[in-house]
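A short write-up of the structure that comes next.
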2 protein chains.
Amino acid sequence: MSRISRYLPILSWARTYNQATFGADMLAAVIVTIMLIPQSLAYALLAGLPPEVGLYASILPLVAYAIFGTSRVLAVGPVAVVSLMTAAAVGNLDLPDMQSYIAAAIALAFISGLILTAMGLLRLGFLANFLSHPVIAGFITASGILIAISQLKHIFGISAHGHSLPDLIGSLISHLPETNPITLVLGLFTLFFLFWTRKGLKPLLRKLGLSNTLADIATKAGPVAAVAATTLAAYGFDLQSKGVAVVGTVPTGLPPIGLPEFAPDLWSQLFLSALLISIIGFVESVSVAQTLAAKNRQRIDPDQELIGLGTSNIASAISGGYPVTGGFARSVVNFDAGAKTPAAGAFTAIGIALAALFLTPFLFFLPKATLAATIIVAVLSLVDLSILRHAWGYSRVDFAAVATTIALTLGLGVEAGVSAGVLLSIGLHLYKTSRPHVAEVGLVPNTQHFRNILRHKVKTVPHLVTLRIDESLYFANARFLEDYVYDRIVCDDPISDVVLMCSAVNEIDLSALESLEAINTRLSELDIRLHLTEVKGPVMDRLKRSHFLDDLTGDVFLAQYDAWVHLAGDRAKAA
Amino acid sequence: MSRISRYLPILSWARTYNQATFGADMLAAVIVTIMLIPQSLAYALLAGLPPEVGLYASILPLVAYAIFGTSRVLAVGPVAVVSLMTAAAVGNLDLPDMQSYIAAAIALAFISGLILTAMGLLRLGFLANFLSHPVIAGFITASGILIAISQLKHIFGISAHGHSLPDLIGSLISHLPETNPITLVLGLFTLFFLFWTRKGLKPLLRKLGLSNTLADIATKAGPVAAVAATTLAAYGFDLQSKGVAVVGTVPTGLPPIGLPEFAPDLWSQLFLSALLISIIGFVESVSVAQTLAAKNRQRIDPDQELIGLGTSNIASAISGGYPVTGGFARSVVNFDAGAKTPAAGAFTAIGIALAALFLTPFLFFLPKATLAATIIVAVLSLVDLSILRHAWGYSRVDFAAVATTIALTLGLGVEAGVSAGVLLSIGLHLYKTSRPHVAEVGLVPNTQHFRNILRHKVKTVPHLVTLRIDESLYFANARFLEDYVYDRIVCDDPISDVVLMCSAVNEIDLSALESLEAINTRLSELDIRLHLTEVKGPVMDRLKRSHFLDDLTGDVFLAQYDAWVHLAGDRAKAA
């Protein structure tokens, strides 16, 4: 792959583009467009933004991703979790009017785009690995719950605010007496209908003789049908005059193009939020992209994906949109519908642009309750509390990470939740490695293999203590090892040799080297020799650069068995 | 050791206290007292506090440590680095007058005492391990430089401010024209005298026939002689009227006893500084205590040391003192002078109390330049830039930690320096473990031992890929392993089996388990079996709690050699 086509993946697929791939991409684009129109309106509502902002975020970003992204089928655009995080980030600023709220959301997309692009160019994609699986799973689940609860206000036709569960529920309860009964009926009916199209419609259509693919597509069209039906109902029965909130006037036309205003104060206020949104968006998107790529035996380049998502967000910002990323449900639809290249995304962009040009007048009577219902049904599939049981069964540490992330996301909001989850994961990992597992080992009879004396029936000799250190030696556990060795040699046996088996020691840093030197000195004062075995190549190279090997009272053996043969002596053979 | 005597180490040594230990402790106390009087005045000056605060910090804290500390010979009191950190922490607050400056220093000791005691009771002593050796060495060296430069103003008799090297030097240069020539002569003379007593006096005294111990003590008395001589000179020649700054009136009497004022705002402003001072003070103190304890074959309990230092700081705060910890030079003198129990510290406290009662009138004419000179000579022994060369030779990562800590401590001040050092050490460690070393291994002929195919002459077979993973598998490197395996199997050989040799894998967390499951699934789609070997007991226990072992397409072998015998097949025997 040449240097240019690494940064412009479009060059590698555009060359072989032909009529067959065009047809496949076109079909997928039509299906995704139909799905994306209500979604983009709904997620804009979730982010606290006017509906057209959702449409704007679904045009240029898709074109940018088609040029710079590496996934063939990822569908970029507004997604639920990032919309929620946008609402939290911009909501925290306490802005005076909708105009500055929109400007802040645009700025958020712009900063996020710059962060993602910079990370891609600097090849910092590995940073996303510090979001552990339990933290992501917990965060997505808690976000799903927060989103669903936050949308209940539209179902009841009341106002409610808050970015955490206690705030939201308190606000909902205090406004409950203002419930609009017609909105509630409409909302519940839509909810019921959407759940039914998810669970009950497909089997029914199959029974009626439709092919699996057609039944699938019809099922996915549920939200479109709900939008059309409730809009017509609102228009026909003049529900607006009866207090049902509708979308209202949506400006017609393509988004205004222009760089966001330079506002360093606002940008620095939004920086941390933008960083969190960038990383969460990237992790979500790249895992979808990798899952789908694996099915087609394709590969994703995570660092180029950062550039793809970064340019998408910059494109969103310069065309009046808000932060975007690759969406799970939409990408799966794109994949199932047979999209072959990122051109499908560009065609979807054309579809949304046409909608922005010609469809907006028809959206006036679209009830907000309908959009809220589509969001609730979509996000409930994100909620998966089984991760709690799963993590508990596997490890208490992973469980702590999941539980903390869920509790803090619900209790304090998305930013506190995900930050706490990441810091806790790293903290717990460091804590574990600071108190490493050290096993005293002996020889498994009739082999050259050494195992823990507490778990296996092994041969040992009293004057020889062999400790297998199950961790790299570094500053956080260097002193622990010192204490461990000193404690172990306080015993009645006439110990003459201590062997440190280093098969699991992948690193010895300068702090640990000082500790090893201290152990060597202390043991030599007690007439005990210190030996190392199974030291790995890279570690040995490092030790050779210090004076440690010159001062070592014992030897370094390639294999633990060699040390045994040399040191266990006649007593071992007799044993 | 009973539960009570664990928390009250005094109970274990007071029982066997007798006339011999009393005599030894008394002698050591007299010597340490003589050394401590000028030191406590000088370090108070360094902390920006009136001299009596230094004396106050050298009375009750010593008694508290004698009761709660575990080191037999540690001499607690004001020390250079903690005094510098106190000056930085309190100086940052921009307080209006000396009274509130003193109150803030007292509050700092109080919070630091609470933090240390709480850490001791919660057994959090291991947290100090996260200060790596390079960070501590770099920090102490940079602090020594900062302290020495900060004292130059007293040698020149000018005023200068700043908590970082650029500020200090800029301030010194701009005030240089105001230099007082008499102060400068006095200061330089004292500096020269003190350096000479360090280097030249002892050989001279030995030549004159003094015993080694006496010569040592005389050498250590250099500062006392300088204080006496320059005070007399200042009195005799009325230097104060010629512009030489002297200590002035020091209140006579014992310190006022009382709890510090409850000031939640001030306390929360000082909390982070207090935390840093606590950890730095603890690390410095415990390493001195451990070094000296080792010489007498005694042990230090780090968690009880936290309680000892914590109560010392609380004692300092309730008696008008500022943060204290165990001092290196002073503890060595105490040890060399033959102190046998912590009672020596209590006797030293009595000596300082007597000084506060009867000696203070004589301190009026003590020139500040003399105190500054004693500080400069004392701290230059802390400066050891050889750590830079040492770390560079051993590892670039350790070098980066030292260099960053030194540069930021000098450039931005002590708090930024040590914080950046700790965060960088942890960050670099995480980065390294996120890109683990993976070695493809083969059989060393005529052994059961496997080694890196790139470093050793080993036997391999084309259909069997054995990868030794040199790191625990956890969230930060789980995806790295996935990518590594997928990249490795893209080759022309008809691979049928992939073996992951887990001898260095000390942990597999939930994120890594997901990755292993993904690898297993992906390989099975390509008709490649996945095997594990040399999985450690604790890791195997964990895996058994999941479904992974049920789904694994291959086997788990106790020893890598077993896997070789089973999987390499006839081709291996032919090879």
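Counting starts with 1 at the first residue shown.
Using the three backbone atoms N, Cα and C, a Cβ is placed for every residue, glycine included.
Small disclaimer: the values here were computed from a predicted structure and weren't measured.
What TrEMBL lists as domain 'STAS' is B:454-552. Counting residue by residue with DSSP, the domain 'STAS' (B:454-552) contains 43 helix, 19 strand, 37 coil.
The transmembrane segment feature in TrEMBL is assigned to B:20-37 (among others).
The transmembrane segment feature in TrEMBL is assigned to B:43-68 (among others).
Among the features that TrEMBL reports, transmembrane segment is placed at B:75-95 (among others).
TrEMBL lists B:101-122 (among others) with the feature transmembrane segment. A Cβ distance under 8 Å defines the sequence-distant neighbours of the transmembrane segment (B:101-122), meaning residues of its chain 6+ beyond its ends; these are 47-50, 53, 57, 86, 89-90, 93, 95, 260-261, 263, 266-267, 270-271, 273-275, 277-278, 281-282, 303-318, 320-324.
What TrEMBL lists as transmembrane segment is B:134-159 (among others).
Per TrEMBL, transmembrane segment is recorded for B:179-196 (among others). Sequence-distant neighbours of the transmembrane segment (B:179-196) (same chain, 6+ residues past either end, Cβ-Cβ under 8 Å): 154-158, 222-223, 226, 230, 233, 239, 242-245, 367, 369-370, 372-374, 376-377.
Per TrEMBL, the feature transmembrane segment maps to B:217-237 (among others). Long-range Cβ contacts of the transmembrane segment (B:217-237) within its own chain (Cβ-Cβ under 8 Å, at least 6 residues beyond either end) map to 31, 34-35, 37-39, 186, 190, 193-194, 197-198, 201-202, 205, 210, 244, 246, 333, 337, 362-363, 365-367, 369-371, 373-374, 377.
Remote same-chain partners of the transmembrane segment (B:270-294), defined as residues 6 or more beyond its termini with a Cβ less than 8 Å from a stretch Cβ, comprise 70-74, 76, 79, 81-82, 85-86, 88-90, 92-93, 104, 107-108, 111-112, 115-116, 119, 125, 127-128, 131, 136, 139-140, 300, 302, 305-306, 309, 313, 323-328, 331-332, 335, 414-415, 418-419. Among the features that TrEMBL reports, transmembrane segment is placed at B:270-294 (among others).
The feature transmembrane segment is assigned by TrEMBL to B:306-324 (among others).
Sequence-distant contacts of the transmembrane segment (B:344-364) (same chain, at least 6 residues past either end, Cβ-Cβ under 8 Å): 24-26, 28-30, 32-33, 36-37, 40-41, 51-52, 55-56, 58-60, 62-63, 65-66, 69, 73-76, 231, 246-255, 334. Among the features that TrEMBL reports, transmembrane segment is placed at B:344-364 (among others).
Residues or ranges marked as transmembrane segment by TrEMBL: B:371-388 (among others).
Per TrEMBL, transmembrane segment is recorded for B:400-426 (among others).
For the domain 'STAS' (B:454-552), the model's pLDDT averages out at 89.
For the transmembrane segment (B:43-68), the list of distant contacts is 7-10, 36-37, 74-80, 83-84, 86-87, 90-91, 98, 101-102, 105, 109, 147, 150-151, 154, 247, 250-251, 254-255, 304, 307-309, 311-316, 318-324, 326, 342-343, 345-346, 348-349, 352-353, 355-356, 360, 363, 368, 371-372, 375: same-chain residues at least six beyond its ends, Cβ to Cβ under 8 Å. Proximity of the transmembrane segment (B:306-324) to the transmembrane segment (B:20-37) is not established, fewer than 3 Cβ-Cβ distances being under 8 Å for residue pairs spaced 6 or more apart. When each of B:20-37, B:134-159, B:400-426 is checked for Cβ pairs under 8 Å to the transmembrane segment (B:371-388), B:134-159 comes out on top. Counting residues 6+ beyond its ends, the transmembrane segment (B:134-159) has Cβ neighbours under 8 Å at 45-46, 80-81, 84-85, 87, 165, 168-169, 171-172, 175-176, 178-180, 182-184, 187-188, 191, 243-245, 280, 283-284, 368-369, 371-373, 375-376, 379-385, 387, 391, 398-399, 401-406, 409-410, 414, 417-418, 421-422, 424-425 in the same chain.
Residues 81, 84-85, 88-89, 130-132, 134-135, 137-139, 141-143, 145-146, 163-166, 272-273, 276, 280, 387-388, 391 of the same chain lie 6+ residues outside the transmembrane segment (B:400-426) yet bring a C-beta within less than 8 angstroms of a C-beta in it.
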